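S.K.: I am attaching a structure below and will ask some questions about it afterwards.
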Amino acid sequence: MRWLWLMGLAVATHALMTKAPSDRGILGGWAEGSGSLQHALCWQLSYVGTISIGTPPQQFSVIFDTGSANLWVPSVYCSSPACANHQRFDPARSSTYRSTATSVAAWYGTGSMVGVLAYDTVTVGSIQVQNQMVGLSQWEPGSFLVHVPFDGFLGLAFPRIAASGATPLFDSMMSQGLVAQDLFSIYLTPHERNGSFVLFGGIDSSCFTGNLSWIPLTAQTYWQIKVDRITMHGLPIACIHGCQAILDSGTSMLAGPGHGVRRIHYRMGATRSPSGLVMRCGSVLPDVVFVIAGTQFPLPPQSYILQDGSCMSGFEAYALPTAADELWILGSIFLRRYYSVFDRMTAVGSGMGTEMGMRHCSAAGCLLQRERDAHS
């Protein structure tokens, strides 16, 4: 069985101390005002890992992102400050590189890239993917990507949202028969513990107790599901009539519509400060419970409170410019509490919809360290 353990994942902790978007992807630039400390703290929850591209391999650190579908890294053709501050791929050094004339662009909050697509060998752990489509940035405008502690993005969402029709890396793994099952699972360790991983092609049963709760997807673009309601003290507080949610490992916070997040903050007793929404660190706070497919997934205060001198809320309000149904983004604050399995093949031939399994992970971890530990 070809299972893969990513050994090099790390949590970004102190890369951005100035104001930066805490959520990217579909949130775009619409997060409602949060302070710089809260944005800096959100990077404590961003998980990155090491891959290599080309022959011989050139190494890059990337965000493993279930909220996007493209793989891209900076290239030597890019002279933007963001590229100059990171590892850049050099096609001339790879014997397996094949160019294309197809351009590609991607947007991540206030950060973006413009470049070209190419084919090359991509290695993730022990899995080597041949002829993988890779975006090579030629321009990364603005300052957002200059200081981030990763080079690029490895998207794990569905092909339908891949820019320029690029084939996502996991789809290539499946089509080339490189994984034992057409699924991957993610375990993110909380706080300072090592052991976070992405496992391609398998489920690590040591990382959860009991049975997985299988939840059908409502779309096969993002990993989108239906949430029944969100409760505190047993009473509905948000998503009262049901709502949609996206599980997004590339987003740090728990983001939702302003009216719902404001009610949660009111019940917490949170107050606004120049650095964001804060509360007394000694406060006794309730669980925030997400009810999904009839199953309760509680988040205790130690999961949703971010501490760095102050106690900050891990919930962030946004205002999407759309008439779509109420939508929540469940980022790494949620995923580090629950071991999650992203299954691509459950529905093949049945028409029942792809499913995703979640369960509380009780294991100590599986080989991973946070960036502050790695550099201490």
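Positions of Cβ are set from backbone N, Cα and C atoms, glycine also.
This is the feature table in TrEMBL:
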type: SIGNAL; residues: 1-15; note: signal peptide
type: DOMAIN; residues: 47-353; note: domain 'Peptidase A1'
type: ACT_SITE; residues: Asp65; note: active site
type: DISULFID; residues: Cys78-Cys83; note: disulfide bond
type: DISULFID; residues: Cys239-Cys243; note: disulfide bond
type: ACT_SITE; residues: Asp248; note: active site
S.K.: Taking all residues of the domain 'Peptidase A1' (47-353) together, what is their mean pLDDT?
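M.R.: Mean model confidence (pLDDT) across the domain 'Peptidase A1' (47-353) is 88.
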S.K.: Of Cys78, Cys83, Cys239, Cys243, which is closest to Asp65 (active site) if I measure between C-alpha atoms? They're all disulfide-bonded residues.
M.R.: Cys83
S.K.: Name the secondary structure element type, per DSSP in three states, that contains Cys83 (disulfide bond).
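M.R.: Cys83 (disulfide bond) sits in a helix per DSSP.
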S.K.: Given the disulfide-bonded residues Cys78, Cys83, Cys239, state which is nearest to Asp248 (active site) when distance is taken between Cα atoms.
M.R.: Cys239
S.K.: For Asp65 (active site), just give me the three-state DSSP call.
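M.R.: Asp65 (active site) sits in a strand per DSSP.
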S.K.: Rounded to a whole number, how many Å is the Cα of Cys83 (disulfide bond) away from the Cα of Cys243 (disulfide bond)?
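M.R.: With the alpha carbons as reference points, the distance is 39 Å.
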S.K.: In which DSSP state, out of helix, strand and coil, do we find Cys239 (disulfide bond)?
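M.R.: Where Cys239 (disulfide bond) sits, the three-state DSSP reduction gives coil.
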S.K.: Name the residues of the same chain, 6+ apart in sequence, whose Cβ is under 8 Å from the Cβ of Cys239 (disulfide bond)?
M.R.: Val227, Asp228, Arg229, Ile230, Gly256, Gly260, Glu326, Trp328
S.K.: Within 10 Å of each Cβ, count the other Cβ atoms, then let me know which of the active-site residues Asp65, Asp248 comes out lowest.
M.R.: Asp65
